[in-house]
Amino acid sequence: MTLANNPLNHPAAHQRPENDVEKRGELNDKDADINVSSFTGSNSEENTTHTSRSSLGPHDIPPTPVVLGGRLKRWNDKIEGFAGLEARGITRVLPEEKHDISLMGYAQMCILWFSVNVTVNNLAVGFLGPLAFNLGWVDSVLLTVFGCALGSVPTSYTSTWGAESGNRTLIVSRYVMGYWPAKLIAILNAILMVGYGVISCIIAGQMLSAVNGGHMTIIVGIIIAALIIGVVAIFGMAVLHVYERWAFIPQVIALFVLIGAAGPHFNTALQSSAPITGTAGEITANRLSFFALQYSVPVGWAAAGSDFYVYYPTHTSKRLTFLMTWLGLASSFIFVNIIGVGLGCGVAITPAWQTAYATSSGALLLAGYGGLGGFGGFCTVILALSAIQNNIPGTYAAAIDMQILGRHFKAVPRWLWVVAVVIVEFVCGVAGRDHLFDIFENFLALMGYWISIFVTIMLEEHVLFRRLRGVPFDWSAWEDRKRLPLGVAALVAFLIGWAGAIIGMYQAWYAGPVAKHVGGYGGDIGTWVAIAFTCVTFPPMRWLELKLVGR
């Protein structure tokens, strides 16, 4: 980083050098590490406003100060004064506030997403191929590979906007959905992130309880998971990047030990004791449903893809960002889900696994380490911690999403929203601890519908109405309602896409009229019908909106 563009040279950057570290972000070229201070916030949003005002673009809106007074303000100042705590919320990161980039910076993208997703909750997704959809090893593995590879593409696409814009993903959505409809997307994504958090807490609780022979209740395990998630997410981007950079190492070791211990019991025959059953139509329908589920898990990150790259410089390569993000996502999901498929296939031929599975998925994982004694229990604890690391970014993103809902929501400090999100995850985790598979089957697929619709609208706006017309995004207008699209076309297309999802979805609690006829048995094609409806309806309506409104 040169002397001219170093944020430290900005006059206001020295107001509170011990706390105002958000402006000091840089990449240490000596060791090619991402500096922790790159991701941390100033002591208060008021400091951020003052520091950034002189470099605001012609349409940039100064960030809203935290509206707290008296004792609450003093408490907030003390909390945000902790070294390394990120105080910034949804405020745009300006070019001079970003750190530099090197090869390690690009590698960190892959490491981040690999570490976040090489986790035990994705093992449970793999279970569903043989245990819920009656698919054999070959079918389940192939559907896992292609489903995860395809589902990683939308998240990789949305991640490319973070460095260029300096805006969070759902702030970027305002340039497509409009200021007011974007709030709907924020609500849906907050629900999605909280849902994943609930799943992670339940799985961690089940595994910690299983290791302790049931002496520790699942509720206590959920409490432990929620506390760790909350602490890391409160500190924000700095601790998150450092934590995820190293956390995957013990997880991968524990997973390879699991492969060695449980692998001989994986039933990998094409027609096996965990067989492909039913008519040809039933098999086709189950394949479609499991493929849709595998697609839905990685695509769930698409509405948060940019959030973790906003401190990267504006000249960051979009192609490398896409590639490194995709590699991290696809490799982690495929690796872990295939292990989950193996465990699921082995349940039917291993009596000890059948007994464990009847107790919980956590007990099944512990049984997979059978014969390793205390070391197997230790590995199970390591995997339980991986469920926690999976949800730290989701909790962070959910807190950011809440600030997008309006100026009153934005006035609440980011760390306080993290506390609120963690409390909700804990309460829902305790309430749903005995219904994990129902949550997986119904919740994950349902969330995949709206994200696919959202990404479709973003892609069409970007390619058809920006790139081809030569109209660039004005990233400084991130909160200027008069310069953002009205959003009527995007909202109508979104709702029509949802209509397609409804007629094509196949869930335990509802089957759409089109889905019922898949294979003569019923299968989930809601995502693909939703994408088709959105692709057809958005362009003409957006053209009409531009013609009538001009933005």
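Placed from the backbone N, Cα and C atoms, the Cβ positions cover glycine too.
Noted in TrEMBL for the protein shown:
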{"type": "COMPBIAS", "residues": "15-33", "note": "compositional bias 'Basic and acidic residues'"}
{"type": "COMPBIAS", "residues": "35-55", "note": "compositional bias 'Polar residues'"}
{"type": "REGION", "residues": "1-62", "note": "region 'Disordered'"}
{"type": "TRANSMEM", "residues": "111-135", "note": "transmembrane segment"}
{"type": "TRANSMEM", "residues": "141-163", "note": "transmembrane segment"}
{"type": "TRANSMEM", "residues": "184-205", "note": "transmembrane segment"}
{"type": "TRANSMEM", "residues": "217-240", "note": "transmembrane segment"}
{"type": "TRANSMEM", "residues": "252-270", "note": "transmembrane segment"}
{"type": "TRANSMEM", "residues": "290-312", "note": "transmembrane segment"}
{"type": "TRANSMEM", "residues": "324-349", "note": "transmembrane segment"}
{"type": "TRANSMEM", "residues": "361-385", "note": "transmembrane segment"}
{"type": "TRANSMEM", "residues": "415-432", "note": "transmembrane segment"}
{"type": "TRANSMEM", "residues": "444-465", "note": "transmembrane segment"}
{"type": "TRANSMEM", "residues": "486-505", "note": "transmembrane segment"}
{"type": "TRANSMEM", "residues": "525-544", "note": "transmembrane segment"}
Maximum Cβ pairs under 8 Å to the transmembrane segment (486-505) - stretch from the list 111-135, 184-205, 444-465, 525-544: 525-544
Stretch contact, the transmembrane segment (252-270) with the transmembrane segment (324-349), Cβ-Cβ under 8 Å, 3+ pairs: yes
Tertiary contacts of the transmembrane segment (141-163) (same chain, 6+ residues out, Cβ under 8 Å): 98, 109, 126, 129, 135, 169, 172, 287, 290-299, 301-303, 305-310, 312-314, 316, 318, 321-323, 325-326, 329-330, 333-334, 337-338, 341, 448, 451-452, 455, 458-459
Region pair the transmembrane segment (525-544) / the transmembrane segment (361-385), three or more CB pairs under 8 Å: no
Long-range neighbours of the transmembrane segment (290-312), counting only residues six or more past its ends (CB under 8 A): 25, 38-39, 93, 97-99, 101, 105, 109, 112-113, 117, 122, 125, 128-129, 132-133, 135, 139-140, 143-144, 146-148, 150-152, 154-163, 165-170, 172-173, 185, 188-189, 192-193, 196, 237, 240-241, 321, 325, 329-330, 333, 337, 393-394, 396-397, 400, 441, 444-445, 447-448, 451-452, 454-455, 524-527
CB contact flag for the transmembrane segment (324-349) and the transmembrane segment (415-432), at least three pairs under 8 A: no
Sequence-remote partners of the transmembrane segment (361-385) [C-beta within less than 8 Å, at least six residues beyond its ends]: 119-120, 123-124, 127, 203-211, 221, 225, 228, 247, 250-251, 253-255, 257-258, 261-262, 265, 343, 347, 350, 352-353, 355, 436-437
Tertiary contacts of the transmembrane segment (111-135), as residues 6+ beyond its ends and Cβ separation under 8 Å: 143-144, 196, 199-200, 203-204, 207, 241, 244-245, 247-248, 251-252, 255, 274-278, 283, 286-287, 289-290, 293-294, 297-298, 301, 308, 325, 327-329, 331-333, 335-345, 347-348, 357, 361, 364-365, 383-384, 386-387, 389-390, 392-393, 436-437, 440-441, 444
Same-chain residue ranges lying at least 6 outside the transmembrane segment (217-240) that approach it to Cβ under 8 Å: 36-41, 82, 84-86, 88, 197, 200-202, 204-209, 308, 311, 360, 384-385, 387-388, 391-393, 395-396, 399, 414-415, 418-419, 421-423, 425-426, 429-430, 433
